[in-house]
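Below: one structure, written as C-alpha coordinates.
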(Lines of atoms letter the chains of each structure in order from A and count residues from 1; the text may use other names and numbers.)
(Lines give C-alpha, C1' and ligand atoms only; values in the text may rest on other atoms or scores of the structure.)
Protein backbone atom coordinates (compact mmCIF):
# COMPACT_ATOMS: atom_id res chain seq x y z
CA UNK A 1 0.00 0.00 0.00
CA UNK A 2 1.33 3.45 -0.97
CA UNK A 3 2.29 5.68 1.93
CA UNK A 4 -0.19 8.43 2.79
CA UNK A 5 0.57 11.80 1.20
CA UNK A 6 1.34 14.53 3.74
CA UNK A 7 -0.48 17.85 3.86
CA UNK A 8 0.69 20.49 6.32
CA UNK A 9 -1.84 22.58 8.21
CA UNK A 10 -1.15 26.01 9.71
CA UNK A 11 -3.76 27.65 11.94
CA UNK A 12 -4.17 31.24 13.11
CA UNK A 13 -6.81 31.78 15.80
CA UNK A 14 -7.81 29.52 18.69
CA UNK A 15 -10.85 31.30 20.13
CA UNK A 16 -14.45 30.02 20.05
CA UNK A 17 -14.50 28.89 16.41
CA UNK A 18 -10.82 27.99 16.51
CA UNK A 19 -11.21 25.57 19.43
CA UNK A 20 -14.22 23.89 17.79
CA UNK A 21 -12.24 23.55 14.56
CA UNK A 22 -9.27 21.95 16.39
CA UNK A 23 -11.61 19.32 17.81
CA UNK A 24 -13.04 18.61 14.34
CA UNK A 25 -9.54 18.54 12.81
CA UNK A 26 -8.33 15.98 15.35
CA UNK A 27 -11.24 13.71 14.45
CA UNK A 28 -10.72 14.28 10.70
CA UNK A 29 -6.97 13.52 10.89
CA UNK A 30 -7.67 10.24 12.69
CA UNK A 31 -10.13 9.16 9.96
CA UNK A 32 -8.05 10.23 6.95
CA UNK A 33 -6.54 7.13 5.30
CA UNK A 34 -4.94 8.47 2.11
CA UNK A 35 -3.55 11.74 3.50
CA UNK A 36 -1.49 12.48 6.58
CA UNK A 37 -2.62 15.80 8.03
CA UNK A 38 0.21 17.41 9.97
CA UNK A 39 -0.24 20.53 12.07
CA UNK A 40 3.06 22.46 11.79
CA UNK A 41 2.08 25.94 12.99
CA UNK A 42 -0.58 27.37 15.29
CA UNK A 43 -0.82 30.87 16.68
CA UNK A 44 -3.02 33.34 18.50
CA UNK A 45 -2.31 37.07 18.53
CA UNK A 46 0.14 36.58 21.42
CA UNK A 47 1.55 33.03 21.27
CA UNK A 48 2.60 30.41 18.75
CA UNK A 49 3.88 26.84 18.47
CA UNK A 50 6.17 25.85 15.59
CA UNK A 51 9.67 24.51 14.89
CA UNK A 52 12.25 25.30 12.22
CA UNK A 53 12.04 21.68 11.06
CA UNK A 54 8.23 21.85 10.61
CA UNK A 55 7.81 19.02 13.14
CA UNK A 56 4.26 17.76 13.77
CA UNK A 57 2.35 19.33 16.67
CA UNK A 58 0.21 16.78 18.54
CA UNK A 59 -3.47 17.58 17.98
CA UNK A 60 -4.70 15.89 21.15
CA UNK A 61 -2.75 18.32 23.38
CA UNK A 62 -2.41 21.37 21.14
CA UNK A 63 -4.60 23.70 23.26
CA UNK A 64 -2.47 23.21 26.39
CA UNK A 65 0.77 23.27 24.35
CA UNK A 66 -0.24 26.62 22.89
CA UNK A 67 -1.32 28.15 26.21
CA UNK A 68 2.00 27.25 27.85
CA UNK A 69 4.15 28.30 24.88
CA UNK A 70 6.68 31.13 25.18
CA UNK A 71 7.07 31.51 21.41
CA UNK A 72 5.72 34.64 19.70
CA UNK A 73 3.78 34.43 16.43
CA UNK A 74 5.77 34.96 13.25
CA UNK A 75 5.23 38.27 11.46
CA UNK A 76 3.01 37.57 8.43
CA UNK A 77 5.73 37.99 5.74
CA UNK A 78 7.95 35.59 7.72
CA UNK A 79 5.04 33.16 8.11
CA UNK A 80 4.58 33.12 4.31
CA UNK A 81 8.28 32.24 3.89
CA UNK A 82 8.15 29.64 6.70
CA UNK A 83 5.15 27.80 5.23
CA UNK A 84 6.47 27.96 1.66
CA UNK A 85 9.87 26.60 2.76
CA UNK A 86 8.44 23.26 3.96
CA UNK A 87 8.34 21.85 0.44
CA UNK A 88 5.01 20.19 1.34
CA UNK A 89 1.50 21.18 0.24
CA UNK A 90 0.21 23.53 2.92
CA UNK A 91 -3.21 24.87 3.93
CA UNK A 92 -3.54 28.00 6.06
CA UNK A 93 -6.67 28.03 8.24
CA UNK A 94 -7.44 31.60 9.33
CA UNK A 95 -9.97 31.39 12.18
CA UNK A 96 -9.75 35.12 12.98
CA UNK A 97 -11.60 38.26 11.96
CA UNK A 98 -8.33 40.13 11.44
CA UNK A 99 -8.07 42.69 8.64
CA UNK A 100 -4.26 42.50 8.83
CA UNK A 101 -4.27 38.76 8.10
CA UNK A 102 -6.90 39.23 5.38
CA UNK A 103 -4.68 41.83 3.70
CA UNK A 104 -1.87 39.25 3.56
CA UNK A 105 -3.92 36.59 1.71
CA UNK A 106 -2.49 37.51 -1.72
CA UNK A 107 1.05 36.89 -0.39
CA UNK A 108 0.13 33.39 0.86
CA UNK A 109 -1.84 32.43 -2.25
CA UNK A 110 0.86 33.74 -4.60
CA UNK A 111 3.30 31.26 -2.99
CA UNK A 112 0.90 28.34 -3.53
CA UNK A 113 -0.41 28.20 0.06
CA UNK A 114 -4.14 27.35 0.06
CA UNK A 115 -6.51 29.11 2.47
CA UNK A 116 -9.76 28.19 4.23
CA UNK A 117 -11.37 30.77 6.49
CA UNK A 118 -14.52 32.23 8.05
CA UNK A 119 -12.87 35.71 7.96
CA UNK A 120 -15.38 38.06 6.28
CA UNK A 121 -12.94 40.94 6.06
CA UNK A 122 -10.90 39.38 3.26
CA UNK A 123 -13.90 39.25 0.94
CA UNK A 124 -15.84 42.34 2.05
CA UNK A 125 -12.93 44.77 2.34
CA UNK A 126 -11.94 46.98 -0.59
CA UNK A 127 -12.83 45.74 -4.07
CA UNK A 128 -9.11 45.92 -4.93
CA UNK A 129 -8.29 43.40 -2.16
CA UNK A 130 -11.01 41.09 -3.56
CA UNK A 131 -9.43 41.32 -7.03
CA UNK A 132 -5.88 40.86 -5.67
CA UNK A 133 -6.89 37.76 -3.68
CA UNK A 134 -8.44 35.96 -6.65
CA UNK A 135 -5.62 37.00 -9.02
CA UNK A 136 -3.01 35.66 -6.56
CA UNK A 137 -4.98 32.41 -6.20
CA UNK A 138 -4.81 31.85 -9.97
CA UNK A 139 -1.13 32.84 -10.25
CA UNK A 140 -0.06 30.66 -7.32
CA UNK A 141 -2.22 27.67 -8.25
CA UNK A 142 -3.59 27.71 -4.70
CA UNK A 143 -7.09 26.87 -3.48
CA UNK A 144 -9.36 29.20 -1.52
CA UNK A 145 -12.65 28.51 0.28
CA UNK A 146 -14.58 30.73 2.69
CA UNK A 147 -18.04 29.15 3.12
CA UNK A 148 -18.22 30.16 6.79
CA UNK A 149 -17.76 33.86 5.99
CA UNK A 150 -21.49 34.04 5.29
CA UNK A 151 -24.01 31.98 7.25
CA UNK A 152 -21.59 29.87 9.35
CA UNK A 153 -22.01 26.25 8.19
CA UNK A 154 -24.93 26.93 5.83
CA UNK A 155 -24.10 26.30 2.13
CA UNK A 156 -24.57 29.92 1.05
CA UNK A 157 -21.30 30.74 -0.75
CA UNK A 158 -21.15 27.34 -2.49
CA UNK A 159 -24.76 27.80 -3.66
CA UNK A 160 -24.25 31.22 -5.24
CA UNK A 161 -20.99 30.04 -6.85
CA UNK A 162 -22.77 26.98 -8.29
CA UNK A 163 -25.65 29.11 -9.60
CA UNK A 164 -23.34 31.60 -11.30
CA UNK A 165 -20.77 29.10 -12.59
CA UNK A 166 -23.46 26.89 -14.18
CA UNK A 167 -24.77 29.92 -16.09
CA UNK A 168 -27.84 30.86 -14.05
CA UNK A 169 -28.51 34.55 -13.54
CA UNK A 170 -29.10 35.74 -9.98
CA UNK A 171 -31.68 38.54 -10.02
CA UNK A 172 -32.29 39.14 -6.32
CA UNK A 173 -31.05 37.94 -2.93
CA UNK A 174 -33.00 38.63 0.26
CA UNK A 175 -32.81 37.35 3.79
CA UNK A 176 -31.97 37.48 7.46
CA UNK A 177 -28.18 37.20 7.56
CA UNK A 178 -27.51 37.67 11.28
CA UNK A 179 -28.22 35.09 13.98
CA UNK A 180 -28.14 37.92 16.52
CA UNK A 181 -30.69 40.06 14.67
CA UNK A 182 -32.84 37.02 13.98
CA UNK A 183 -32.98 36.13 17.67
CA UNK A 184 -33.67 39.74 18.70
CA UNK A 185 -36.59 40.33 16.34
CA UNK A 186 -38.13 36.86 16.73
CA UNK A 187 -38.24 37.63 20.47
CA UNK A 188 -39.15 41.34 20.25
CA UNK A 189 -41.85 41.06 17.56
CA UNK A 190 -43.13 37.45 17.48
CA UNK A 191 -45.67 36.53 14.80
CA UNK A 192 -48.17 35.75 17.58
CA UNK A 193 -48.35 39.53 18.16
CA UNK A 194 -47.90 39.14 21.91
CA UNK A 195 -45.16 38.12 24.27
CA UNK A 196 -42.39 40.35 22.96
CA UNK A 197 -40.51 42.23 25.65
CA UNK A 198 -39.11 45.74 25.61
CA UNK A 199 -36.35 46.25 23.04
CA UNK A 200 -33.65 46.99 25.64
CA UNK A 201 -34.62 43.90 27.65
CA UNK A 202 -34.40 41.69 24.54
CA UNK A 203 -30.94 43.09 23.70
CA UNK A 204 -29.78 42.46 27.30
CA UNK A 205 -31.19 38.91 27.17
CA UNK A 206 -29.48 38.21 23.83
CA UNK A 207 -26.16 39.38 25.27
CA UNK A 208 -26.62 37.22 28.38
CA UNK A 209 -27.26 34.16 26.19
CA UNK A 210 -24.12 34.83 24.17
CA UNK A 211 -25.90 35.81 20.94
CA UNK A 212 -24.31 39.27 20.73
CA UNK A 213 -20.75 40.54 20.63
CA UNK A 214 -19.36 41.69 24.02
CA UNK A 215 -20.47 45.20 22.97
CA UNK A 216 -23.92 44.74 21.34
CA UNK A 217 -23.33 47.83 19.20
CA UNK A 218 -21.05 45.68 17.03
CA UNK A 219 -24.19 43.76 16.00
CA UNK A 220 -26.71 46.60 16.05
CA UNK A 221 -24.73 48.82 13.67
CA UNK A 222 -25.64 46.47 10.78
CA UNK A 223 -22.06 46.20 9.53
CA UNK A 224 -21.85 42.41 10.02
CA UNK A 225 -24.84 41.99 7.70
CA UNK A 226 -23.41 44.56 5.28
CA UNK A 227 -20.20 42.55 5.02
CA UNK A 228 -22.12 39.38 4.11
CA UNK A 229 -24.18 41.27 1.51
CA UNK A 230 -21.00 42.72 0.00
CA UNK A 231 -19.61 39.20 -0.50
CA UNK A 232 -22.81 37.85 -2.09
CA UNK A 233 -23.30 40.93 -4.29
CA UNK A 234 -19.78 40.51 -5.66
CA UNK A 235 -20.42 36.86 -6.51
CA UNK A 236 -23.66 37.96 -8.20
CA UNK A 237 -21.60 40.25 -10.44
CA UNK A 238 -21.84 43.65 -8.74
CA UNK A 239 -18.60 45.57 -8.16
CA UNK A 240 -19.51 46.70 -4.64
CA UNK A 241 -16.67 48.87 -3.35
CA UNK A 242 -17.11 48.21 0.39
CA UNK A 243 -19.73 47.46 3.10
CA UNK A 244 -20.13 51.21 3.66
CA UNK A 245 -20.86 52.03 0.01
CA UNK A 246 -24.62 51.31 0.27
CA UNK A 247 -27.40 52.15 2.77
CA UNK A 248 -27.01 50.35 6.10
CA UNK A 249 -29.51 51.14 8.87
CA UNK A 250 -27.96 51.22 12.32
CA UNK A 251 -30.16 50.39 15.32
CA UNK A 252 -27.87 52.30 17.69
CA UNK A 253 -29.54 55.52 18.89
CA UNK A 254 -27.39 58.50 17.82
CA UNK A 255 -27.00 59.57 21.46
CA UNK A 256 -25.43 56.19 22.37
CA UNK A 257 -23.02 55.79 19.45
CA UNK A 258 -20.10 57.22 21.41
CA UNK A 259 -20.74 56.00 24.97
CA UNK A 260 -17.63 54.47 26.49
CA UNK A 261 -18.63 50.81 26.87
CA UNK A 262 -21.13 48.10 25.99
CA UNK A 263 -22.30 48.06 29.60
CA UNK A 264 -23.03 51.78 29.57
CA UNK A 265 -24.84 51.32 26.25
CA UNK A 266 -27.08 48.62 27.76
CA UNK A 267 -27.70 50.71 30.88
CA UNK A 268 -28.97 53.65 28.82
CA UNK A 269 -30.78 51.74 26.05
CA UNK A 270 -34.15 51.69 27.94
CA UNK A 271 -34.34 55.49 27.39
CA UNK A 272 -34.96 54.74 23.71
CA UNK A 273 -37.41 51.81 23.94
CA UNK A 274 -40.28 54.00 22.71
CA UNK A 275 -38.64 54.38 19.29
CA UNK A 276 -38.59 50.62 18.67
CA UNK A 277 -42.08 50.16 20.20
CA UNK A 278 -43.36 52.62 17.60
CA UNK A 279 -41.71 50.66 14.77
CA UNK A 280 -43.30 47.43 16.06
CA UNK A 281 -46.74 49.05 16.49
CA UNK A 282 -46.73 50.47 12.94
CA UNK A 283 -46.06 47.01 11.52
CA UNK A 284 -48.78 45.45 13.73
CA UNK A 285 -51.34 47.96 12.43
CA UNK A 286 -50.71 46.56 8.94
CA UNK A 287 -50.90 42.97 10.22
CA UNK A 288 -47.15 42.56 9.75
CA UNK A 289 -43.97 42.09 11.76
CA UNK A 290 -40.69 43.98 11.50
CA UNK A 291 -37.44 42.18 10.71
CA UNK A 292 -33.81 43.23 10.08
CA UNK A 293 -32.93 42.10 6.56
CA UNK A 294 -30.49 42.52 3.75
CA UNK A 295 -31.38 42.62 0.06
CA UNK A 296 -29.58 42.76 -3.26
CA UNK A 297 -31.39 43.73 -6.47
CA UNK A 298 -28.93 42.85 -9.21
CA UNK A 299 -30.67 44.60 -12.15
CA UNK A 300 -30.92 47.97 -10.37
CA UNK A 301 -27.57 47.37 -8.54
CA UNK A 302 -29.30 48.20 -5.25
CA UNK A 303 -27.88 46.75 -2.04
CA UNK A 304 -29.40 47.68 1.33
CA UNK A 305 -29.57 46.59 4.95
CA UNK A 306 -32.24 47.58 7.46
CA UNK A 307 -35.71 47.15 8.95
CA UNK A 308 -38.56 45.94 6.75
CA UNK A 309 -42.14 44.79 7.38
CA UNK A 310 -43.32 41.32 6.37
CA UNK A 311 -46.67 39.53 6.23
CA UNK A 312 -47.03 36.92 8.97
CA UNK A 313 -47.07 34.15 6.32
CA UNK A 314 -43.73 35.22 4.82
CA UNK A 315 -40.84 32.77 5.47
CA UNK A 316 -38.73 35.63 6.90
CA UNK A 317 -41.47 36.45 9.44
CA UNK A 318 -41.79 32.91 10.73
CA UNK A 319 -38.12 32.18 11.50
CA UNK A 320 -37.38 30.63 14.88
CA UNK A 321 -34.59 31.26 17.37
CA UNK A 322 -31.41 32.58 15.78
CA UNK A 323 -31.91 30.98 12.35
CA UNK A 324 -30.77 32.64 9.15
CA UNK A 325 -32.74 32.49 5.92
CA UNK A 326 -31.38 33.41 2.50
CA UNK A 327 -33.55 33.43 -0.63
CA UNK A 328 -31.93 33.34 -4.08
CA UNK A 329 -34.16 34.54 -6.93
CA UNK A 330 -32.73 33.51 -10.30
CA UNK A 331 -33.76 33.11 -13.96
CA UNK A 332 -33.95 29.32 -13.56
CA UNK A 333 -35.83 29.29 -10.28
CA UNK A 334 -38.32 31.95 -11.42
CA UNK A 335 -40.73 33.35 -8.86
CA UNK A 336 -40.08 30.51 -6.36
CA UNK A 337 -36.68 31.23 -4.84
CA UNK A 338 -34.07 28.71 -3.76
CA UNK A 339 -34.16 29.06 0.05
CA UNK A 340 -31.42 28.14 2.53
CA UNK A 341 -32.40 28.18 6.20
CA UNK A 342 -30.82 27.10 9.49
CA UNK A 343 -28.43 28.04 12.26
CA UNK A 344 -26.29 30.92 11.05
CA UNK A 345 -24.13 31.34 14.13
CA UNK A 346 -22.34 29.26 16.75
CA UNK A 347 -18.85 27.82 17.19
CA UNK A 348 -19.57 24.24 16.12
CA UNK A 349 -21.57 25.06 12.97
CA UNK A 350 -19.10 27.78 11.90
CA UNK A 351 -16.19 25.37 12.44
CA UNK A 352 -18.12 22.79 10.40
CA UNK A 353 -18.13 25.25 7.48
CA UNK A 354 -14.34 25.60 7.83
CA UNK A 355 -13.75 21.84 8.13
CA UNK A 356 -15.99 21.20 5.13
CA UNK A 357 -13.91 23.70 3.11
CA UNK A 358 -10.71 21.96 4.26
CA UNK A 359 -12.12 18.67 2.92
CA UNK A 360 -12.74 20.35 -0.46
CA UNK A 361 -9.13 21.54 -0.55
CA UNK A 362 -7.76 18.13 0.52
CA UNK A 363 -9.71 16.43 -2.28
CA UNK A 364 -7.88 18.59 -4.84
CA UNK A 365 -4.32 18.52 -3.44
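Indices start at 1 and increase along the chain as displayed.
Each Cβ is built from the backbone N, Cα and C atoms, and glycine gets one as well.
Per TrEMBL, the feature active site, proton donor maps to 228. Summarising the annotation, TrEMBL assigns NADP(+) binding site to 13, 14, 15, 16, 17, 18. TrEMBL lists 96, 120 with the feature NADPH binding site. Annotation source TrEMBL lists L-homoserine binding site at 213. Annotation comment: TrEMBL describes 13-147 as domain 'Aspartate/homoserine dehydrogenase NAD-binding'. Annotated domain 'Homoserine dehydrogenase catalytic' per TrEMBL: 155-359, in sequence order.
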Those recorded positions, out of 120, 213, 228, that come within 10 angstroms of residue 18 (NADP(+) binding site) at the Cα:
none
Is any of the recorded positions 96, 120, 213, 228 within 10 Å of residue 17 (NADP(+) binding site) (Cα-Cα), and if so, which, in sequence order?
96
Using DSSP, what's the helix, strand and coil tally for the domain 'Aspartate/homoserine dehydrogenase NAD-binding' (13-147)?
64 helix, 23 strand, 48 coil
Environment of 13, 14, 15, 16, 17, 18, the listed NADP(+) site - residues of the same chain whose CB lies within 8 A of the CB centroid:
19, 20, 21, 95, 96, 347
Chain-internal residues, separated by at least six, CB under 8 A from the residue listed as 'active site, proton donor':
120, 124, 149, 150, 151, 177, 178, 294
At the Cα level, what's the spacing in Å between residue 15 (NADP(+) binding site) and residue 96 (NADPH binding site), rounded?
8
Euclidean distance between Cα atoms of residue 213 (L-homoserine binding site) and residue 14 (NADP(+) binding site), Å:
17
From the binding-site residues 13, 16, 213, pick the residue whose C-alpha lies nearest to the C-alpha of residue 96 (NADPH binding site).
13
Rounded Cα separation (Å) that holds between residue 213 (L-homoserine binding site) and residue 16 (NADP(+) binding site):
12
Mind giving me a neighbour count for residue 213 (L-homoserine binding site)? Other Cβ atoms within 10 Å of its Cβ, every protein chain shown.
14
